[in-house]
Amino acid sequence: MRPLQEKIVAYEHVLPEIDPKKEIRKSIDFLKDYLKENPFLKTYVLGISGGQDSTLTGKLCQMAIEEMREETGNKSYQFIAVRLPYGVQADASDAADAIAFQKPDQDLIVNIKEPVDAMVKVVEATGQKITDFNKGNIKARQRMVVQYAIAGANNGAVVGTDHAAENFSGFYTKYGDGAADITPLFRLDKRQGKAMLKELGCPKHLYEKAPTADLEEDRPDLPDEVALGVTYKDVDDYLEGKDVSEEAAEQIEKLWKKSEHKRHLPVTIFDDFYKQN
C-alpha cells in the first residue's frame with residue numbers, strides 16, 4: 001500500500017472483505033449498546049433521503065429498537081424516520097420506498113423550504129450574497145436542526161449516515177449531515193453497505209441508484225462521483241487496501257488532506273493537524 005493509503009485505511013477501519021450478516025449484527029449491537037449505556041435515551045432519529053446510506057442506517061436502527069423493546073419490555077423505545085424535502089423532492093418515491101422497507105415506528109415529513117428561504121432572505125438583507133452552494137449547506141444544516149429538535153422532544157439521539165467512503169473526503173456539510181450522535185456505518189465502504197442491504201432484502205433500486213447530494217439547485221442531480229472526481233469503485237478499492245491508478249490515488253489523497261478539518265472538533269491552540277498538510 002501507499003504510505004498515506006495505509007494511514008487512511010487504519011483511520012477508517014475498513015476491512016478488505018466483510019461478512020454482511022456479521023456486520024449487520026455488529027451495527028445493531030452497537031446501536032443497542034449505546035442505548036443501554038445511556039438509559040435516558042429512548043429514541044433514535046434519522047433523516048431519510050431514499051439513498052443507500054440512510055436506507056441502510058434506518059433499517060439497522062429499526063431492528064435495534066425492536067430488539068430493545070423485546071429484550072426490556074419497554075415500549076417507549078422508538079425509531080423516528082424523518083423525510084426532509086426542500087419543496088418537492090424529485091425522488092420522493094424512493095424515500096417512500098425506503099420508509100416502507102424500514103417500517104419505522106414513526107414516519108415524519110418536515111419541509112425545510114420555508115426556514116431555509118427565510119434564513120437566506122435575512123442574511124442577504126445585510127448585503128451578503130448567498131451562493132447556490134452556500135444555500136445547499138444551509139439546507140443540510142437546517143435538516144440537522146430539525147432532527148435535533150425532534151430528538152430533543154423524544155429523549156432521543158440523532159443517527160448519522162457517515163461511512164468510510166464518505167468520511168475520507170469530508171463529503172458532507174460540516175455541522176450539517178456531518179453532525180450526529182452516533183454513526184453505525186463508520187468502518188464500511190460503499191460496496192460493503194450495498195452488500196448489507198442485499199442481505200437485508202432491500203429493493204434493488206434503492207442501492208443501485210447513482211448517489212447524489214441533491215443540495216444545489218443549479219445542479220440538483222450532480223452525481224457524487226462527478227463532485228468527488230473519482231469513482232466509488234476506486235474509493236472502495238483504495239480503502240480496502242487494493243491498488244488503484246495513480247490518478248485515482250492522488251485524487252483520493254488530495255480529498256483526504258483538504259477535508260482534514262472536518263474530522264476534528266473545532267481547532268484549539270493545542271492542535272497542529274492543520275499544519276501537516
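Quick reminder: no glycine exception, Cβ is built from N, Cα and C everywhere.
Source: prediction; values computed, not measured.
Quick look at what Swiss-Prot lists:
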{"type": "BINDING", "residues": "G47, I48, S49, G50, G51, Q52, D53, S54, T161, K190, T212", "note": "ATP binding site"}
{"type": "BINDING", "residues": "D53, E166", "note": "Mg(2+) binding site"}
{"type": "BINDING", "residues": "R141, K174, D181, H261, K262", "note": "deamido-NAD(+) binding site"}
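Cα distances from K262 (deamido-NAD(+) binding site) to the binding-site residues S49, G51, T161, T212 are smallest for T161. Across R141, K174, D181, H261, K262, which the record gives as binding deamido-NAD(+), the greatest C-alpha separation is 18 Å.
Counting every protein chain shown, the Cβ of G47 (ATP binding site) has 26 other Cβ atoms within 10 Å. The Cβ neighbour count for D181 (deamido-NAD(+) binding site), using a 10 Å radius and every protein chain shown, is 17. Looking only at Cα atoms, T212 (ATP binding site) sits nearest to E166 among the binding-site residues R141, E166, K174. Calculated from their C-alpha atoms, the gap between G47 (ATP binding site) and H261 (deamido-NAD(+) binding site) amounts to 24 Å.
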